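See below for the structure under consideration.
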């Protein structure tokens, strides 16, 4: 007790806190967190609490007397006893509940720990599988890169061999078919074509035939002068003396000799005519081969001067193989898509570096517009557009579906014309594509249909076709298309031989167009396939057509006598080439035209149309007239 009296207030305070903490710890261990336990701060003296809340700790006043210290201890013990009375006594039932609860909690904890262990093991397995798959993926990537590298090597080797073979064949054909030579005219140089020995031989054969024909004609004239009088005229009712009989026999012999010689001359002329026909056929064949040869010479020359001739890989994907053709500001290459493993046609647009930025921007904007239109199209009769990317500020590329054959324009230059069945098949496929373009939303006018934009997939007229080049296409959306059509904002563009009269009308406001523009183009293409010539402006330049208003004067189409075409084909062409657009059928009517339907459906449809035409008067009678 004396030791307690001798404690200073600070140590007494610490002893009090330790004592209270021990009491609370012994009682709180049985009740757990549910009872909350007693905090040390609850047993502190008011002076102690005040000291904790204040900035500076104040010391308690010293206890001067033993009586005051005893009183203080009694108060402290009273507080402790009161605190102990607050905790209820622990019964056996409470202990059992706590044990059961503890057991349940332990089981849950074990389950959770087991679940955690399972998840950790599964996570490790998944990580191991990911690592294995990653290694396998890297292995496959390495293998794929090796395959791509080998494919590039083989494709380049094959392309190099093909290029070499083309150049060797071209050199051989230079002697046989001809070549270009540079001729100087004053201060300028021009290229002049020189025929090869094959044409020279045909010319010599033709000259020999002409000489033989002249000789035969000269001999026939001499023979005609020596023609004896006919035996019937020379015979007279005189006595049959021997001299006169000999004279009659001589006359008969001369007449026989004359007829024999005349027959020989006729046979020789017939033989010469046959040889001349063979020479003419051979000349036409050689001309077709020469056209291919000239085209190949130009292609080789353009390829040798191209900056993309050494098989570059564009956009890390497209391996350029060889040049297909060159236009005004673009080159088209046959390429191989290393990702999709397919051939493609890559069109490289190269802008003139001397152009103003505004002109470059317009050209690029036009190309982007064509790409956006073409990219959304998906039809078996339309060339697919795969990709679009830029190489630099002045060069960008479009990647399209590759077709092995040539276009219809080249075919017509080679063969002049085709049969009606072949031409009808091509027109049916074109119309099928046009129907698709007018059924999508918004509809599209191609506006530049011509033989050069119709690709023959296998190079023949009896196969599939595909339409390409949507550079001048018009979108018929709600903003710019009305009941009477849409404004032609690009008047002057296009290929004049295949555009209708309404595209050439000049006025205060731009002319209105619709899908009937493409219908007119179909009629011109069909006419050209059947007759080997254009219906309007044949052998005229675009400038002459514009200056002479050729298309504006094309009020009626005239059909040649030969080759012979059916009346149904002529009526179909007339419906397509109706001068007034109000009288011309549209694409939807074109798709259901009787001429393009199968034979059984065509007969029933034509009968129905004729009945309706008879009942509706003259306006509808002009729709079909066979």
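Backbone N, Cα and C atoms are what each Cβ position is placed from, and that goes for glycine too.
Automatic, uncurated: that is what TrEMBL annotation is.
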From 269-303, 304-338, 339-373, 374-408, the residue range that TrEMBL assigns the feature coiled coil: 269-303
Assigned conformation of residue 347 (ATP binding site) - DSSP reduced to three states: strand
In the chain carrying residue 347 (ATP binding site), residues 6 or more apart in sequence that have Cβ under 8 angstroms from it: 330, 331, 332, 397, 398, 399, 400
Stretch-averaged pLDDT - the coiled coil (269-303): 92
